[in-house]
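**Student:** From TrEMBL, for reference:
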type: ACT_SITE; residues: 66; note: active site
type: ACT_SITE; residues: 259; note: active site
type: DISULFID; residues: 189-389; note: disulfide bond
type: DISULFID; residues: 248-413; note: disulfide bond
type: DISULFID; residues: 300-349; note: disulfide bond
type: DOMAIN; residues: 48-385; note: domain 'Peptidase A1'
type: CARBOHYD; residues: 322; note: N-linked glycosylation site
type: TRANSMEM; residues: 423-448; note: transmembrane segment
């Protein structure tokens, strides 16, 4: 692995080099980043996937790249919506661990069995590596009609791994076995293209570093607040240059994450409502169907028209590594007013690429298609740089600007109490154990005969206020 000058990166190199350096390829070594350029295919509507060879002899499968989960799983039996699956019986290197695993996503779920096998990535790092792999035996709304992938590559932290964080994740295995830096970067090229098109949009997953040809200008980094999802801190949102004037904690309720496996930009309900009002107010369309904003209706224009000029740009402010500063990433309407299908010869229909969420702000493909995103796990930060492929009709559709002062926002916009799912499970088991001990003690006390009579007084009366009746589990 060698170092070479980057393209003006304003932050320190992931290996600790000087400003303006980025990890580069070594033709004779494990890493060759140029070989990883354009190793993804897909579209923002159905995800971007990487070709992988699994087992001995190798079976080729397309694997969805998902930074919002942590399990590596592939179809293990035939499925009506899957064109290929991993047949463990045909692999001499497959070893079952006999552990059942179930994973639920915001859409869909699957159940399978954990095992291990060797994998190689034709357009990835050189060599074969032994990886934990779940074979999916049953699923619900996970594989969908028209998808061209056969499994999912969870690239988040082991805290989200199922059935427990003791399952080593795919990327942790690569870092350990291939001895690559603990960093990967992702570019998805679908700006202005149909949401569910041919599935041949390009993209790049660079394992182990940063490829300078995949970004323009500076890389801006924001700290990872918690290592489970890639949780970041959002300070404010602007629509058409106008601040929404919300308390910054609203943007982080109850978390803000960067997730390539989510199609849209998802906003907490209150934020979503304010954003829709601001877009409707600043757009050049006076009357607009509410169904368009909720995702139940498409809006159609003549194919000769470019409706993007009718809508404002959207900006998201993220806290810089220097906490007294921030930077903003902006997407133009070409990214969030998304072409989805044509009607006849004259009409092109679009959908709204933003939706509401009950439990998170999710920077999904709608935003990520504008940027080269660096997941620098070694230095616990996420980086954003403008992507050269984020252009429509020759013009950029994304921007990064900064630094800005954070004097107008709170010093911490993220709740100090974060209830991770694994922590909730631990707390639940602890409470159940405590209740069990208390119940056992009560049963023993009831079985022990009284040793001496007791004369009751008015102070001994057990009433509803003093009893445990109102605290019992229901």
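In case you wondered, yes, glycine gets a Cβ from its N, Cα and C as well.
A TrEMBL annotation is a machine prediction, not a hand-curated record.
These numbers come from a predicted model, not from an experiment.
Quick one: where do these features end up spatially?
**Tutor:** Here the Cβ of residue 66 (active site) has 22 other Cβ atoms within 10 Å, regardless of which shown protein chain they belong to.
Within the same chain, residues at least 6 positions away in sequence whose Cβ sits under 8 Å from that of residue 259 (active site) are 66, 67, 68, 229, 230, 362, 363, 364.
In sequence order, 298, 299, 300, 339, 340, 341, 342, 343 are the residues near residue 349 (disulfide bond), counting only same-chain partners six or more apart with C-beta under 8 A.
Long-range neighbours of residue 322 (N-linked glycosylation site) (same chain, six or more residues apart, CB within less than 8 Å of its CB): 403.
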**Student:** Same-chain residues six or more away whose CB lies under 8 A from the CB of residue 189 (disulfide bond)?
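**Tutor:** For residue 189 (disulfide bond), the qualifying residues are 201, 202, 203, 369, 387, 389, 390.
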**Student:** Please compute the mean pLDDT of the model over the domain 'Peptidase A1' (48-385).
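**Tutor:** Average per-residue pLDDT within the domain 'Peptidase A1' (48-385): 93.
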**Student:** Which ones in the same chain are close to residue 248 (disulfide bond), with CB under 8 Å and 6+ residues apart in sequence?
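**Tutor:** Residue 248 (disulfide bond) has long-range Cβ partners 234, 235, 236, 409, 410, 413.
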